[in-house]
Structures are given as C-alpha cells and as structure tokens.
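Written below as structure tokens is the structure these notes are about.
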Amino acid sequence: MAQLTNSLNYLFSVSLLLFVSFHCLCFRFSLVAACSNSTDDQQIQHHHHRKWVGPSGHKVITVSLNGHAQFRSVQDAVDSIPKNNNKSITIKIAPGFYREKVVVPATKPYITFKGAGRDVTAIEWHDRASDLGANGQQLRTYQTASVTVYANYFTARNISFTNTAPAPLPGMQGWQAVAFRISGDKAFFSGCGFYGAQDTLCDDAGRHYFKECYIEGSIDFIFGNGRSMYKDCELHSIASRFGSIAAHGRTCPEEKTGFAFVGCRVTGTGPLYVGRAMGQYSRIVYAYTYFDALVAHGGWDDWDHKSNKSKTAFFGVYNCYGPGAAATRGVSWARALDYESAHPFIAKSFVNGRHWIAPRDA
C-alpha cells in the first residue's frame with residue numbers, strides 16, 4: 001500500500017511539473033509573439049522612412065528594325081529579361097515605327113524604354129474595344145492598349161505610344177482604343193508622346209509622374225484611377241464635336257488617387273470638358289495651366305447626371321490662365337483653390353516622388 005502511495009505521489013509530482021512547464025512555455029511564446037508583433041508594428045510605422053535600396057547592376061538591350069541590334073522587336077527584348085529581375089534594364093530602341101503590341105509583366109520591374117525622340121521612335125497598334133480577341137470575345141477597353149505595363153519602376157524616355165484606330169464620333173460604341181496602359185507603381189515618363197482618340201492613356205493604378213509629355217486624344221483621353229502628376233505636358237484635343245480631357249475613377253474618399261496637371265498647356269479643338277467624374281469621388285486638379293479658347297460651357301461634367309457626383313467629386317483649379325481658363329470655373333462645384341489647398345497637388349510629394357524620382361527629373 002505504501003509503495004502504491006509513493007507511486008501515486010511521484011506521478012502527481014511529475015504531472016504538476018509538466019503542467020507548470022507547459023504554461024511557462026506558453027507564456028514565453030506569447031511574450032515573444034507580442035514583442036514580435038510590436039516590432040512588426042514599428043517596422044510598418046517606419047516603412048516609409050526607410051531608404052529605398054533599388055536595383056543592383058545595369059544592363060542595356062538594343063532594338064532596331066534593321067537588324068543592327070540584339071532584337072528587331074520590343075516585345076522580344078522584354079521577353080529576354082528574366083522574371084523577378086533585380087537589375088536596371090535599359091531597352092534602347094532605335095528610330096522606327098514598331099507595329100506590335102507590347103506587354104511588360106509584373107515580374108519584370110526596373111525596365112526603361114529609351115527612344116531616339118518621340119517624333120522618330122514609336123510603338124503602335126490598332127485594337128478597339130469592339131474588336132474580337134483570340135478567345136472570340138470583344139477585347140473591351142483595357143485590353144486594347146498598344147503597350148501595357150504591369151511592372152513597378154517602369155520608365156519611358158523620348159518615345160511615343162500610338163493607337164492608330166480612327167477617332168469615333170461622340171456616342172459611337174466600342175471605339176475605345178488605348179495607346180498606353182500603366183498599371184504598375186512608381187512609373188516615370190519624360191519627353192514621351194501618347195497618340196490616340198478615345199481613351200488614349202489608361203492611367204490605371206499606381207503612382208506616376210509625366211514630365212514634358214505630349215498627350216493627344218478626343219474623349220476621356222486620360223482616364224483611370226492612378227495617382228499621377230502631369231508636369232509641363234501638352235494636352236492636345238482632336239475632338240470634332242465635343243470631347244473631354246480627363247476622367248478619374250476614384251471610388252471612395254479614403255483613396256489617395258487623383259490627377260494633378262501642373263504647368264501644362266491645353267490646346268486643339270473643342271468644345272472640351274477638362275474633367276469628368278468617372279468615379280463617385282473623382283479627383284482632378286489643374287494648376288498654373290494654360291487653356292486655349294476651347295473649354296466647354298461649365299468646364300466639368302459629372303458623367304451621368306444622376307449619381308450626384310457633383311457633391312462628392314473634387315475638381316479644382318489654381319492660377320490657371322489663357323482664353324479658356326475662366327470656363328474651368330463654370331460650375332459651382334468646381335473649386336477655385338488657394339495656395340494652401342492647392343499645394344498638396346502641385347508638389348511631387350503628391351506621388352511620394354521624393355522616394356523614387358531623381359531630383360534632376362522632377
């Protein structure tokens with residue numbers, strides 16, 4: 001009996017020791033996890049203050065139609081770059097008109113298209129939204145782009161992108177024809193041309209900076225939900241009856257997206273709306289911009305005239321000039337901004353540019 005009692009006491013002691021050890025171990029893991037979460041929170045809070053490392057190394061790939069280069073096709077040059085690329089790759093494109101559709105996938109960041117000048121180097125195609133794709137279905141707008149970029153840190157310099165589909169008349173269906181679609185983050189464009197009619201430039205998503213570019217079209221020829229600055233660009237309308245420059249797709253007030261046109265020139269034919277509320281909380285600002293006498297009465301359009309977007313959209317102008325400038329303030333819900341309210345849209349901080357745009361490029 002005594003031996004049984006001793007055995008039971010021993011088993012109880014061992015069980016108690018295991019119980020206490022288990023709970024101590026659980027407490028330790030909980031403490032480590034809590035500390036880890038705290039550290040993660042601090043890392044998240046300081047994420048935007050960390051120095052960007054960028055790509056490692058640089059490589060140049062050449063393209064020429066005459067065969068005196070590594071590739072004859074821009075797409076072939078893109079395809080030669082490995083997935084998950086971590087080098088800065090410049091694709092140097094010789095003068096010529098490259099008739100092809102080009103896609104830069106999300107797995108290939110840090111690519112630059114460098115042309116010999118926007119008047120002599122161009123990539124062009126002719127798809128429309130109503131055209132049929134390989135699956136027998138209509139392409140729809142976003143798939144018509146002559147060039148589509150999904151990758152981050154894309155750059156284009158001194159090159160043009162064109163959709164050669166003919167311009168539609170107002171009200172014609174299925175004639176959307178995109179020249180360029182940018183869906184990647186932190187993209188930079190300098191000295192580029194974008195040529196089309198309806199929906200020329202699909203500024204789809206991400207932060208983008210366009211400097212000294214020429215953008216031509218007729219209806220909503222800059223559209224999407226990007227967070228983009230257009231600095232010292234020419235926005236040229238080829239509208240035959242009426243047209244519109246920008247249609248922004250911001251859908252909720254928490255989004256930081258918007259189009260900021262700073263120091264631009266608006267030229268061409270009209271009458272022309274300077275902005276349309278594609279999204280319920282569309283956001284478009286013009287500052288220090290010249291307007292030809294082509295702005296439509298009212299200046300702005302709320303898209304469908306039944307969603308009360310005029311109450312939620314943010315359309316603003318600051319220090320604009322030219323014979324058409326007064327018309328940009330033609331509706332009560334277009335805001336005449338003062339410097340304080342305009343400043344967030346006229347500095348490159350609007351696109352967090354200090355972290356990824358070189359000072360010489362700003």
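Cβ coordinates are placed from backbone N, Cα and C, and glycine is handled just like the others.
Take the substrate site that Swiss-Prot assigns to Thr141, Arg276: the candidate from Gln176, Gln198 listed for it is Gln176.
Here the C-alpha separation of Asn308 (N-linked glycosylation site) and Arg276 (substrate binding site) works out to 13 Å.
Checked against Asn158 (N-linked glycosylation site), the recorded positions Thr141, Gln176, Asp199, Asp220 differ in C-alpha distance, with Asp199 being the nearest. Gln198 (site 'Transition state stabilizer') carries a strand DSSP state (E or B). Other than the site residues Thr141, Gln176, Arg276, same-chain residues with C-beta atoms no more than 8 angstroms from the centre of those residues' C-beta atoms, the substrate site, are Gln198, Asp199, Ile219, Asp220, Phe223, Ala247, Met278.
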